[in-house]
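K.L.:
Just lifted these from TrEMBL, have a look:
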- 51-215: domain 'FAD-binding PCMH-type' (DOMAIN)
- R195: active site (ACT_SITE)
- 232-251: region 'Disordered' (REGION)
- 233-247: compositional bias 'Polar residues' (COMPBIAS)
- S244: active site, proton donor (ACT_SITE)
- E314: active site (ACT_SITE)
Amino acid sequence: MMQQPDDVPNWDSGMAPDCEVEGSVAAPVSTQGLRGKLTAQAPLAKLVWFKTGGCADWLFEPEDLEDLRLFLERLDGDLPVMALGLGSNMIIRDGGVPGVVIKLGKPFANVSIEDQVVSCGGGAHGILVASAARDAGVAGLEFMRGIPGTVGGFVRMNGGAYGREVSDVLIDCDVILPGGELVTLPATDLEYTYRHSALPEGAVVVSARFQGHPGDPEDIGAEMDRIAEARENSQPLRTKTGGSTFKNPPGKKAWELVDAAGCRGLTMGGAQVSEKHTNFLINTGDATSADIEGLGEEVRRRVYEHSGVELEWEIQRVGRP
């Protein structure tokens, strides 16, 4: 059941300075009282791991929770809204993203811990969450060291790594719905399945709470180091990549299916199937998003032809072609 979170700030927006607006076109909302930054035709390639893609019609970087709530309250409900974290696990198509992209910055990256409950802002990196838990002697969140993203992203997609996933530890999350309503959703409302949740379209995760359990910081740190080493040894981390490309089918490994179909090293334009880990696509330097997505579709075609398995994308593909 949706609940209204406690301790919501009550700002007098009329007393605040107007939002900083970059761009020559009219803003999609009244900016009076907004304190964040609003940019028209904002390039997104630099904000995603593949380093490809077009512009957002609008990019809003809120100053804090109330700033974001006020912005979404004023925004036309017909305009699509998309939250952007670290930009991993995402292809921004070359035609750009319609509507508004929300980028959560440092004000949303806080982490606090009380009684083995780890409370995080939606912009907190998985490494930060795991490290803060380790330092406080809270175990159970070590796997977040291996998730390349922020809390908002992996709460939405039920992110996971090395045998565990968000649904194992999430208590609840605070989200701002289209229209600006701030609500708390218990984990059961998200109806988690593998790499999927029932989080409403356009909802922005602004904070979440995870349940840990007491542990020894040295043991927790050792497990985090093991995860980091395993990633380094098996994944092309030093390249322009989006992370795991396809979901693992039941009882199978996507990378094995891709490899068996002869796709290791396969290229299309500037995109390539990684030689190191075949469930990773990489930008070799001059790829377009169309190259990357097209290569992924070719891999899916070859895998289906070889094994009869239809791979499902794990990476989000958003925007206009």
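Cβ coordinates are placed from backbone N, Cα and C, and glycine is handled just like the others.
Curation does not apply to TrEMBL; its annotations are automatic.
Note that the structure is predicted; figures quoted are calculated from it, not measured.
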K.L.:
In the same chain, which residue numbers or ranges, 6 or more beyond the ends of the compositional bias 'Polar residues' (233-247), come under 8 angstroms Cβ to Cβ?
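P.N.:
For the compositional bias 'Polar residues' (233-247), the far contacts come to 48-51, 88-91, 148-149, 194-195, 254, 258, 274, 276-277, 279-285, 287, 292, 296, 299-300, 311-315.
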K.L.:
Among all the protein chains here, how many other CB atoms are within 10 A of the CB of S244 (active site, proton donor)?
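P.N.:
The Cβ of S244 (active site, proton donor) has 22 Cβ neighbours within 10 Å.
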K.L.:
Between S244 (active site, proton donor) and E314 (active site), how many Å separate their Cα atoms?
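P.N.:
The Cα atom of S244 (active site, proton donor) is 7 Å away from the Cα atom of E314 (active site).
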K.L.:
Would you list the DSSP helix, strand and coil counts for the residues of the region 'Disordered' (232-251)?
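P.N.:
Grouping H, G, I as helix and E, B as strand yields 3 helix, 6 strand, 11 coil.
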K.L.:
If I restrict to non-local contacts, at least six residues apart, and a C-beta distance under 8 angstroms, what lies near R195 (active site) in its own chain?
P.N.:
M157, N158, G159, G160, K247, E314
K.L.:
Average the per-residue pLDDT over the domain 'FAD-binding PCMH-type' (51-215) and send me the rounded value.
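P.N.:
Over the domain 'FAD-binding PCMH-type' (51-215), the predicted model scores a mean pLDDT of 97.
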K.L.:
What is the total of other Cβ atoms whose distance to the Cβ of E314 (active site) is within 10 Å?
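P.N.:
Result for E314 (active site): 20 neighbouring Cβ atoms inside 10 Å.
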